[in-house]
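Worksheet for the structure shown next.
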Amino acid sequence: MDTTTSIKMTTLAIQNLFSYVEEENLAAVKVHLDKFKEVDGRSDNGQTPLMLASEQGSLEIVQELIRRGANVNLDDVDCWSALISAAKEGHVEVVKELLENSAYIEHRDMGGWTALTWASYKGRVEVATVLLENGANPNTTGQQYSVYPIIWAAGRGHAEIVKLLLEHGAKVNCSDKYGTTPLIWAARKGHYDCVMHLLENGADVDQEGANSMTALIVAVKGGYTEVVKELLKRNPNVNMTDKDGNTALMIAAKEGYTEIVQDLLDAGTYVNIPDRSGDTVLIGAVRGGHVEIVRALLHKYADIDIRGQENKTALYWAVEKGNATMVRDILQCNPDTETTTKDSETPLIKATKMRSIEVVELLLDKGAKVSAVDKRGDTPLHIAIRGRSRRLAELLLRNPKDGRLLYRPNKAGETPYNIDCSHQKSILTQIFGARHLSPTESDGDMLGYDLYSSALADILSEPTMQPPICVGLYAQWGSGKSFLLKKLEDEMKTFAGQQVEPLFQFSWLVVLLSLLLCGSVALVLGFTVDPKLAIAISLSILALLYVFFVVVYFGSRREGESWNWAWVISTRLARHIGYLELLLKLMFVNPPELPEQTTRALPVRFLFTDYNRLSSVGGETSMAEMIATLSDACEREFGFLATRLFRVFKTEDTQGKKKWKKTCCIPSFVIFLFILGCLIMGMALLAVFKVDGQNQTVNAVLVSMASVVGLALLLNCRTWWQVTDSVLNSQRKRLHSAANKMHKLKSEGFMKVLKNEVELMAKMAKTIDGFTQNQTRLVVIIDGLDSCEQDKVLQMLDTVRVLFSKGPFISIFASDPHIIIKAINQNLNSVLRDSNINGHDYMRNIVHLPVFLNSRGLSSAKKMCAPAPANGETGNSEGWHEELDRKLSQNSLGDQTKFGSKTTLNRRDTYRRRQMQRSVTRQMSFDLTKLLVTEDWFSDISPQTMRRLLNIVSVTGRLLRANQISFNWDRLASWINLTEQWPYRTSWLILYLEETDGIPDQTNLKTIYERISKNIPTTKDVEPLLEIDGDVRSFEVFLSSRTPVLAARDIRTFLPCTVNLDPKLREIIADVRAAREQVNMAGVTYPTLPLQEGRPISMYSQQSSACSPTASFNGPYNPPGVSPQPHSAYFSGMAGPQHPFYNRGSASVVSGTPSILLSSMSTDVICERVKLIDGIDQNLISQYTATIKKANINGRVLSQCNIDELKKEMNMNFGDWQLFRTSVLEMRHVENQVLHEEAPSEQGSITVGHVEPCRHAGAAAQGVAGNTDTSPMYNFNLSFEELSNVGLEEPPRHVNATWMGTTHRTPSMSSLNSQESSNEICKLTDKQQAEYRNAYEDYIASMSQLELGMEKPVPPFVSQLMHSSSEDKKKDGNDQDGRKSVSKRGSTKSGSDNTDYASADAATLDPITEEDEKVDHGSSKSLLGRKTSGDKVSLFQGADLKLKAGGGSRYQKLTSDDEESEESDNAPLLKDGKKPEAKASDGGDRSLTKGKDYLSDKKDSSDSGVRSNESSPNHSLQDEEADLSQSERANLIELDEENSARKRGLPNSLSGLQDPTIARMSICSEDQCSLLASSPEESWPSSKSYNLNRTPSNTTLNNNTNAQQGNHIRQPSDSSNTTSTTTGSDVIINPGTSTTSATTQNENVRVVHLKRGLNPGDPPEILKVSSETVTFGEERESIL
């Protein structure tokens, strides 16, 4: 058909027809066709209206067009027919219409596609069905790729069409041009239904398609699990590979299809088939990171050592991927860990490069070799250390054998060790420790010495610092001071070595020298050759020289590598010319005076003695060697000639201040030039005229010149000789020759030689400095003084002082100050000793800047960096220091002075920094001086002290800055002065702060000092260290001085950087307390500051009173309320119970162990305790107490109840609840501690026969701790309630619970009793006595108020008041007196035990401060134990012991010497709680026990105390235990008046005693007992445990001890334990009085105490003590 013609004939009408067809406007089409007959008109692309209508699916139009005769088989330019268009678009009806009208069903378009192909491609199921039914060919193919309809249908997922085609005969295994079958196409996209139809129709599963892919491979690649499963059911060849050699398993493994991999493995796939690159399935899985697949493959025994591409194994790939889990799995199969890649890397090397610590560890565990090397020769160690990985290096070196690899070089010659050394921060030292810690190690500032050395170097190189200065580097022997010396030396050199190299300059000297050179050349040539030639050559040389000088001059000032040679020549020329100039100046010029350093700071240089060459320190020869090394250093620095010629040409003082040295009023250099001129002229004349007899004139001139020169030489023969001598003989030679002549010179002559040499050296340094405008400082380092012979130390110090006290010397002592001071003390002559000058004063006088090395302090300082407030005084704008502070920080002086400023500073920076420091230092010293001198405490300051203080302030300031701690200079100055003048007392303050938590920063030191002052020894006999402190009154004035008042914050800020305070002082103080702890078993805590809660016993909670400043130390410090005691016996080994006066304002929770355990308190005690809680709302007290009584909240309830339930029950307001809760928790804590520590107590505790077992529980624990050895019996097992109820008619007193804590009993009362101790006691001042007296009066008054129902306010402690001093005890009479007085106190005679206890307690009277005296509502001043106003502590309620007002303090009796000795020996812990079996049968024993008991008493102060405290009921003869319980319950000791009358010598009214009969022993009482009471020992704090029951008897401890010990076990009438003659005692508790009965009828026990110390004639003393008061503690002495 002629298509072209038809197209050209297209008309507008045809276009209209097309538009109507497009719009599907049938009517318009009809109208148009009616009008125009042309049906088959064509569009531009050859389409007919029928094709368009078929494509659009407009059936009616199609029908209309066919009816009008349209040709159904026409095609367009693309050979598309109407049928193809309709089939493609899926218009079934149109297809049917066309087929009915004979459309050609197999018509192909230009691509060879039939209508069926299009229907299959497009998924037109209905169309395909119609076509197939009408006979379409299902196996037709396209022209280009020969793709069958079924392939299109399968590949595109048209499952129904696939099924249709298969049903109509389509080939199931047909393939396209590349051999890809329908099954492969269907599997490729995972069309499951298509695959199923194909498989059901017998599709071949192993046919390969494009790229050799089978259906299985493409299905696996697509991850179509279901398809794969179906394919595998057809048993395909699972090992077929694609074109890259990948099997289905390889592909699945790489892609991570775990389930498919498992299916394939189950189907028997080979696991070790490699791909084309050689990688196996396992490697593929590993590279993909698929752990489960790897495990599956390993389970199927995949080969793990096959090498893939680049020789990498699966293990290597796992390492490279960093997958530790996979590595672990592979390693379990024992792979070869040493296979290498093409780069010779093993898995271990790769793991190390990747820094995979876990993988490295796994490989090493599997035995991988650390010695493997890569192609560069690097081992894993090289790599780890180069990568700075400490952990890796540590792992690699864990086998010591591999340490050798540190020194194995790689191909470049690097060893791991050298690589490490080349880095600033070594990692090998972190692994092995500082194997090569050396002073020069810049990276190893492990000792914190960098800051010290930098700060010191900064000060010593400060231009304004005026030598001589002596620095003391103090540290314990062996602490590495020598390291610091080397560091210090290096630092000083870097601080000083910052001068710029001088460059060549033209000067008169250069001109003169060049002329001389040329002249001499001319002379030589003139003599030898022709004079004219000589002149020409010399002038040429001169010209060349100056050209050379000019080039060097300008070239050295040019930048750039090419001019380096000029700079080198310029500096060398300058150096040599400068040296020549120096030599000439030495000969002809007087040295100029150095300018004032404040106007112009000259650079500083240091010369050091080589202290390492000293074989031994001490002795003249070593000093000579030291000076010799210094002279060697001078020669190295100043030059060989200058130093030796100085001896000849040194300036004499007679020269005056003129510039030139003169000879006969003519400057020497003029004479020299004249002679030199004569010489040169003569030579010139000789050269020109020769020696010619004809030339008279010349000859005359020559003769005259020769005579001038000759005369000059003759006159200076002596000088020439001196020059020759000094040049040949160095200073070192002279010193050695002097040392060799020691036997002739003697010591004095030798010292004179040394002195001359040192002065010459100093003068030389000063002279050369004048010429060179430098400051030279000669540093003499003396190391090892602490290891030389003691007798040489003083001599060495004197020598240093004599030799180096003038001139530019800096002496540095590195030594252990304690050893040195000890050596000085041994060797000081008697005159100095008599004038109270000791080694410490001597060293202080010599050393201007002490530095105690304390690296711990510095490290802690780092925690207080910049954020730290400026010591709370930032707002204090008054004064220069604020301004200076601000300036310093703003100028970042802190940064610039960071002491590391080494040579990296360029010249300008250095200069600026120096200027800044200089101005700061100047301002600081000026203002500090003004500040310090205006202060009162500085009135007696000497210039030397001032200098020392300023030096220390300067160093400390630098260290603070280095740690970025902000501070104020005036506070720092005050602190330094405090530590300088009173180091010992300051150490006490610091120790207190270190050991006590929660002290607010604002607390001023005065407050703290008041708390601990009484703990500090007052006499040097007791504490030799007191010698190092200044006047104590000045110290107190200083602490309260107006500006600035130092506070706790200041200590915390300054302490880490304080260099002048010996840290060992605190150790000594602590050690002393610890020692005393062992001796005394009981301690006293420091008083807590009112502002904080007391803490439970601190570390030192039990100190032996023997050593501690207070007689007994239950803790590091007194209880919050305890006013510290005088310390006279601080080191004397005496111990005494602590005096119990309490300060009122103590924290609600009292630190220290309570005397009474919480669980043993009754409701009344609880009520009393609540009242005593600091800060509780007093208006609501009545409501709270009512609640407590109503709910029956007693101690046992509080110790076990739920706190939340308690809160609901108490219904307190928030604040009160917090205070109450804290108090309860504290008491619980203390009880737990006590019970824990004293678990053994129950066994040892005295079990009172009839006391219910429950009693024992609570108290026992306490009791036990106190007496260890002998006091098994002291443990009281009575519960508090039982004790309190025994025979009490009134509510128990809870006042001083503290005394109860037998646990804290200080065992060494005995020592108090020693003669020595009593002597010491006598040393107490009257003032203290007066304080005691007043305090005691107040105490009695308060007790009387407290004593609610008591007829007689007899505080058991009163009895204690009467402790007889050891002297008294020694005197039998005294003892008896003491006893009597005690008995007086109560009509009952207390078993001597009681008395003992009492006396012991009495011994502990503390001085009472005024604040102590203000006792709250009767919380008596007595601070029992540590608890503040004992009430806080469990108060032993039941007893009389209700001390008045807070349980008046008890006075304990001092033990006698024997007792003391025994006690000290026994110093048992109550814990031992040995059973009373130890009843002492004989007095000796008794006393021993006594001592021990006493010790335990220290807790309780006496047995009775012990007993009373805990299970104190005396075992009365009848039912001792019952009685005891009763007696204890009735802690109240009522003394019979008759007894009191009996007591001898007790004044009826002891000061403040209300009832003469009761007459508590007052400190002021005249009686010997009272004397005891008032004796200094009173000042000893009584131990916490006091026997409440104890009667005041003064009987000696021995009696008490024996009696009580006996009592513990003793049979009622048995006095077997007691050797003391005990008459039947009257201690009887009426049967009617049950332990629980409120009233106890105390029958007086009549006891005869036999005092061990009694003189043979003394009659035994009989004391009556209420049974209540009798305690078991010393029941060993039986109470009959």
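Any Cβ shown, glycine's included, is placed from N, Cα and C.
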Does the record in Swiss-Prot have C421 and M626 facing the same side of the membrane?
yes
Helix, strand and coil counts within the repeat 'ANK 5' (178-207) (DSSP):
16 helix, 0 strand, 14 coil
Contacting positions for the repeat 'ANK 11' (376-405) when only residues 6+ beyond its ends and CB under 8 Å are counted:
348-349, 351-353, 355, 357, 360-361, 364, 370, 411-412, 414-416, 419-420, 423, 425, 427-428, 430-431
Folded-back contacts onto the repeat 'ANK 5' (178-207), same chain, C-beta under 8 angstroms, at least six residues removed:
145, 148, 150-151, 153-159, 162-163, 166, 172, 213-216, 218-219, 221-224, 226-227, 230-231, 234-237, 240
So what's near the repeat 'ANK 8' (277-306) in sequence-distant terms, Cβ-Cβ under 8 Å and 6+ beyond its ends?
247, 249-250, 252-256, 258, 261-262, 265, 271, 312-315, 317-318, 321, 323, 325-326, 329-330, 332-333, 335-336, 339
Where DSSP helix means H, G or I and strand means E or B, what are the helix, strand and coil counts for the repeat 'ANK 9' (310-339)?
17 helix, 0 strand, 13 coil
For the topological domain 'Extracellular' (530-533), what are the same-chain contacts with Cβ under 8 Å, counting residues 6+ beyond its ends?
522, 687-688
Over the topological domain 'Cytoplasmic' (555-668), what is the model's mean pLDDT?
78
